[in-house]
Structures are given as C-alpha cells and as structure tokens.
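*Asks:* Sharing a structure below in structure tokens format, with a few things to ask.
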Amino acid sequence: MSSQAASDNPFDPAMWERVPGFDDLTDITYHRHVLDGARQPTVRVAFDRPEVRNAFRPHTVDELYRVLDHARMSSDVGVILLTGNGPSPKDGGWAFCSGGDQRIRGRTGYQYASGETAETVDPARAGRLHILEVQRLIRFMPKVVICLVNGWAAGGGHSLHVTCDLTLASREHARFKQTDADVGSFDGGFGSAYLARQTGQKFAREIFFLGRAYDAQTMHQMGAVNEVVDHADLEKAGLQYAAEINGKSPQAIRMLKFAFNLIDDGLVGQQVFAGEATRLAYMTDEAVEGRDAFLEKRDPDWSRFPRYF
C-alpha cells in the first residue's frame, strides 16, 4: 500500500479494539470503538476480502450474521457501522461490498467451498447463501445500522446499503451499481422495494433496469445516501453520527426504528412494534399490579391508574 493510500484510509486502528471471542474470523473484522481508553457503544463490522472487492461467499455471510447478531444482543451497543476494509492489494481500489462472489456460484446457488474456485466447492453442502437472513437481521434489530460506503456497493452489496438505516458515502471512491440483471440475478425483496421507497419508483427502476454506476453525489440527490463525505473522513463522520444517536434515549431510538419500518413491513412489522410496546408496558406499575394480583389470587386494583385521553 502506498503512503498516500494509507493516509487516505478512513480506518484509524487507534480508535478501535477487536471484540474478544472472534479471533477465528477470516472474512469479516469486528471492532469496538474506544475513546480515551473507554469502550464506546459503537461497533465496526467490515468485509475483509479487499482483493475481490469485498465480494461475499457463504462463509463470509455466516461470519457477518454471527457478528451482527452478537452486536444485536449486546446491551451496551447502540450503533453498528457496516463497511469494507481496503484498499485492494491488487490495484488500490476501494469497495464496501460487491455482492456475491460469482466464482463459486453454481446452478443451485452460491456454494460452500474450501477455496475460491469452482473445483473447491463442497458438493455435500447445500448452495444456500444466508444473505437474506442478514438483511432481515439488519432490518429488525433494535440498533441503528449505518452503512459507510467507501467504494463499490454493487449487486448484493448495493442491497445491503439499501437495507441499512443510514448511508454515508465517500465523495471520491463510492460507486453504486445494481448488477443483478447483468449476472442473471434479481433482488425482489428489500433491495428493490426499499430502494423505491428511498428514491421513488422511477429512479429505482432505472438503477435496476440499466445497471449503471452512480457516484455518491448522484445517489444523495436521488435520496439513497444521507451524506457525502471526504473519503479520509468517512469513518469519523460515521462515529459522529453514532455519538449523536447514542446520546439519545435508547428506548426512543428502537421504537422510532420500528415505527419507520412498520409502514412497509406488514404484519411482521406490526408484531415487532407491538412486542416492543408490550415490553414497555411490562415496566409500568400498572403491569406490576396486574401480575401481582394474578400471583396473589386477588382482583387487581386499577383505581390508582388514570385512564388517559
């Protein structure tokens, strides 16, 4: 890596520490933000295959799901920054994620393989790529997921950025391209429907039908990017967003996320929102009275609880 490339790298190792218990990761890196020696409620999850534009294989997706689920279950984490490591050791190019690795895609889907070519495919394992489960995890977790697009966001990588709550993009290197129709694939779920919500139907259809590459500023104008940031400052900007979000009420943030989701997520969204509302109700004195009355085999006394209008 050249000194210029190193100086432009938005990742500053001094601001992060590896999350313990994940030393076996090969395709993903997982860090916790550290400020003045104190662990902060922000984590960084990054694709770590820069030599192939951070394309994912089944093993990559499994690791991604594992770390995201760990962040979801960590009560001291409020924001997840999702990005890609780089630059490429081959040509110095940058990528967030370029989608599925076409070299191990078979007729039954993306194959588990010991290597990176077709002859290393394990025929005994189903060609199942769990990227849709990852999308659902991002959508339904009660944490804010911010996508930091530092280079190419293509194909399945484009759909991941769409699924995240917020997107910040590198002014110099971010490129957005929906390649599905170029490789005989299509995202008929979150990657297309939510994109149409963000950009409108006409732009979303243009992005998918034409498969053109767009820079960060164009995507910002379309409505799919929140802010365009100088490349070297991308992760600093992400941390600033995270700090502001983590400075808000955790319960309010999770309810707001599920409220925004509800209009598009049907009965599933209603169930998620209702579950959170029920959990809030359990915290009230009124709910405690109902529980205690049941356990004590008496009629509940609701007289001290006003019927608000």
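From the backbone N, Cα and C atoms, a Cβ is placed for every residue, glycine too.
From a predicted model like this one, the values you see are computed outputs, not experimental measurements.
Per Swiss-Prot, the feature substrate binding site maps to R53, 98-102, Y110, 152-156, T179, S185, Y282, K297; the stated evidence is sequence analysis. As annotated by Swiss-Prot, site 'Important for catalysis' applies to Y110, D180, Y282.
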*Asks:* To the nearest whole angstrom, what is the C-alpha distance linking Y282 (substrate binding site) and D180 (site 'Important for catalysis')?
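*Replies:* Spelling it out, the Cα of Y282 (substrate binding site) and the Cα of D180 (site 'Important for catalysis') are 45 Å apart.
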*Asks:* Can you tell me how far the Cα of A153 (substrate binding site) sits from the Cα of D180 (site 'Important for catalysis'), in Å?
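*Replies:* If we compare the Cα positions of A153 (substrate binding site) and D180 (site 'Important for catalysis'), the gap is 12 Å.
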*Asks:* If you count other C-beta atoms within 10 angstroms, which of the binding-site residues G99, G155 is the most crowded?
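*Replies:* The residue with the most neighbouring Cβ atoms within 10 Å is G99.
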*Asks:* Helix, strand or coil for A153 (substrate binding site)? Use DSSP.
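*Replies:* In the DSSP reduction, A153 (substrate binding site) maps to strand.
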